[in-house]
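J.: Pasting in a structure now, in structure tokens, and then I'll have a few things to ask.
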Amino acid sequence: MDSVIRALQPYFERIPSVERPKGHVHFREKFGWTAAILLLYFILSNVPVFGLSPESIDIFAAYRALFAGSTGSIIALGIGPIVTASIILQLLVGAGIIKLDLTNPEDRAAYQDFQRFLVFVMIAVEAIPQIAGGLLKPDLNLAAQLGVSPGIISFLIFIQLFIGGVLIVYMDEVVSKWGIGSGVSLFILAGIAQSIVVGLFNWVIPPNSAMPAGIIPRWIWIAQNYPLDQLFTGSGLAFLLIQGGILALITTAAIILLVVFFEGTRVEIPLAHAVARGARGRFPIKLIYASVLPMIFVRALQANVVALGQVLHARGVTIFGEFVNGKAVSGLMFFLQPVSSPYDWIPSLVKSQGAAFAAIPDWMIYLHLLIDALILVVGGIIFAWFWVETSGMDARTVASQIAKSGMQVPGFRKSPQVLERVLSRYIPKVTILGGAIIGILTLVANMLGTIGNVSGTGLLLAVSIAYRFYEDLAKEQLTEMHPLIRRMLGEEA
């Protein structure tokens, strides 16, 4: 397959892309591009899809914090196509089906060009089944008013979703090449931050509920409607912890502190410049070396599988499971859908959601929790390994970059091979350990719940992305000081 990719690369190269800057982009300009794209993202998230029926179902609603975007908007697909394309490529490379040497600049260019092409394919692949499966429904009243068939409205819905997906791709490229960090991370952080703020202060009372959705308004409502002696009983404290949102608040704060701690835990390899006498530094290998981005791939893979089951269920195919209110209640899909709150694994809370949920046996609920734990931990390790190998973070690539900057490990011969041996002592082990830790943290956060229902995965992503964004800001300000620093950090002067 790699020969096919190389043969088709001239055609992939013709796909328009954002041009890379030819020199160093100053910090103010990078910050300006980042802020402009963020503003555009929020504007697009409030542009509704023309002709979409209010009865439509968002199959990615439970993963909205992960995929960014906004339900019912033209960017409803969010970063889903980008993530799905990355998953497919990483699996193909990991399985040896695509045998490209990603340390070779030509092979890496072919890989990236094919990835861009695959993203556009995935935009169509993710939009068409939702429309054809009857989940994204055309507005029949609008079709009657315009005197056109519902099929025409469905086609317009597809065009809008495709345009929105393409805009997300190019907005990501603008941030990655001209801004700070990556667009994917920026969109995730923006969406999760918005959800947390809404989860804290939302005064709106949801349907079938007597309490406001936001935690702070909910506390005020509880204080006005419940006497203290009732709240300080066993059932009252359980009510405050779960329905009152105290457990979600504690979990959110604890996960933030733990992620910051693990992000700051690292092994530092001393470096010295071969020419500039006295110039020394350290190469940090973080405990969460692959960051939490591989966890996106784990959840995205789950989301696509469960979404396929939901599309089939909408077409009357229930062999893989039945869905009620967007949640699987039977079959394979029940075990594969993620745990996102106490209402997904505590039997009494699961069964309180309706008659269909009350019929689920306890053993199925506990087995669902066990399977999700295995998916998170094992999947976190596998995708962390794939991410390191395919994103240029492996020992060989890092050693080559350090050698090109003129740095070496004191007391060792100046050679990329020597550097690679030193780095190989740490990077593979830290990659596996970090992937497992992120999987466990995600599981705990999902089990206990979070503010704004952003899910444990979303919260971990938000904290890690914010931490890395802070580091990127510090790095950008540092590179403004002198061209030599930019060369040592692997940037063009």
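Glycine is treated like the rest: Cβ placed from N, Cα and C.
As listed in Swiss-Prot for this protein:
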TOPO_DOM  1-21  topological domain 'Cytoplasmic'
TRANSMEM  22-48  transmembrane segment
TOPO_DOM  49-59  topological domain 'Extracellular'
TRANSMEM  60-88  transmembrane segment
INTRAMEM  60-67  intramembrane segment
INTRAMEM  68-79  intramembrane segment
INTRAMEM  80-88  intramembrane segment
TOPO_DOM  89-109  topological domain 'Cytoplasmic'
TRANSMEM  110-134  transmembrane segment
TOPO_DOM  135-151  topological domain 'Extracellular'
TRANSMEM  152-176  transmembrane segment
TOPO_DOM  177-182  topological domain 'Cytoplasmic'
TRANSMEM  183-201  transmembrane segment
TOPO_DOM  202-244  topological domain 'Extracellular'
TRANSMEM  245-266  transmembrane segment
TOPO_DOM  267-291  topological domain 'Cytoplasmic'
TRANSMEM  292-313  transmembrane segment
TOPO_DOM  314-367  topological domain 'Extracellular'
TRANSMEM  368-387  transmembrane segment
TOPO_DOM  388-430  topological domain 'Cytoplasmic'
TRANSMEM  431-449  transmembrane segment
TOPO_DOM  450-454  topological domain 'Extracellular'
TRANSMEM  455-469  transmembrane segment
TOPO_DOM  470-493  topological domain 'Cytoplasmic'
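Can you tell me where each of these features sits in the structure?
T.: Counting same-chain residues at least six beyond the ends of the topological domain 'Cytoplasmic' (1-21), those with a Cβ under 8 angstroms from any Cβ of the stretch are 92, 97-100, 107, 109-111, 113-114, 116-117, 120, 170, 173-174, 177-178.
Beyond the ends of the topological domain 'Extracellular' (49-59), by six or more residues, the same chain brings 71-74, 76, 130, 135-140, 142-143, 153, 156-157, 160-161, 306-307, 310-311, 314, 326 to within a C-beta distance below 8 angstroms of the stretch.
Long-range neighbours of the intramembrane segment (60-67) within the same chain, counting only residues 6 or more positions beyond its ends whose Cβ lies under 8 Å from a Cβ of the stretch, are 76-80, 83, 188, 191-192, 195, 296, 299-300, 303, 307, 326, 337-338, 340, 453-455, 457-458, 461-462.
Sequence-distant contacts of the intramembrane segment (80-88) (same chain, at least 6 residues past either end, Cβ-Cβ under 8 Å): 60, 67, 69, 115, 118-123, 125-126, 165, 168-169, 172, 184, 296-297, 300-301, 303-304.
If one looks beyond the topological domain 'Cytoplasmic' (89-109) by at least 6 residues along the same chain, the residues whose Cβ comes under 8 Å of a Cβ in the stretch are 1-2, 5, 9, 115, 118, 297, 382-383, 385-387, 389-390, 392, 396-397, 400.
Long-range Cβ contacts of the transmembrane segment (110-134) within its own chain (Cβ-Cβ under 8 Å, at least 6 residues beyond either end) map to 2, 5-6, 8-9, 12-13, 15, 17, 59, 77, 80-82, 84-86, 88-89, 93, 98, 100, 102, 154, 157-158, 161-162, 165-166, 169, 308, 311-312, 314-315, 390.
Packing against the topological domain 'Extracellular' (135-151) from elsewhere in the chain are residues 49, 51-59, 127, 157, 161, 310-311, 314: each is 6 or more residues past its ends and has a CB under 8 Å from a CB in it.
Counting residues 6+ beyond its ends, the topological domain 'Cytoplasmic' (177-182) has Cβ neighbours under 8 Å at 18-21, 25, 29-31, 33-34, 37, 465, 468-469, 472-473, 476 in the same chain.
Here the topological domain 'Extracellular' (202-244) has long-range neighbours at 342, 349, 449, 451, meaning same-chain residues at least 6 beyond its ends whose C-beta is under 8 angstroms from one of its own.
Away from its own ends, the transmembrane segment (245-266) comes close to residues 196, 215, 218-219, 284-288, 292, 342, 434, 437, 441, 444-445, 448-451, 456, 459-460, 463-464, 467-468 of its chain (Cβ-Cβ under 8 Å, at least six residues beyond either end).
For the topological domain 'Cytoplasmic' (267-291), the mean pLDDT of the prediction comes to 78.
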J.: Report the listed stretch (22-48, 152-176, 183-201, 292-313) having the maximum count of Cβ pairs within less than 8 Å of the transmembrane segment (455-469).
T.: 183-201
J.: How many of the residues that make up the topological domain 'Extracellular' (135-151) does DSSP mark as helix, as strand and as coil?
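T.: The counts are 9 helix, 1 strand, 7 coil.
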J.: DSSP helix, strand and coil counts for the topological domain 'Cytoplasmic' (388-430)?
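T.: Counting residues per DSSP class in the topological domain 'Cytoplasmic' (388-430), I get 26 helix, 2 strand, 15 coil.
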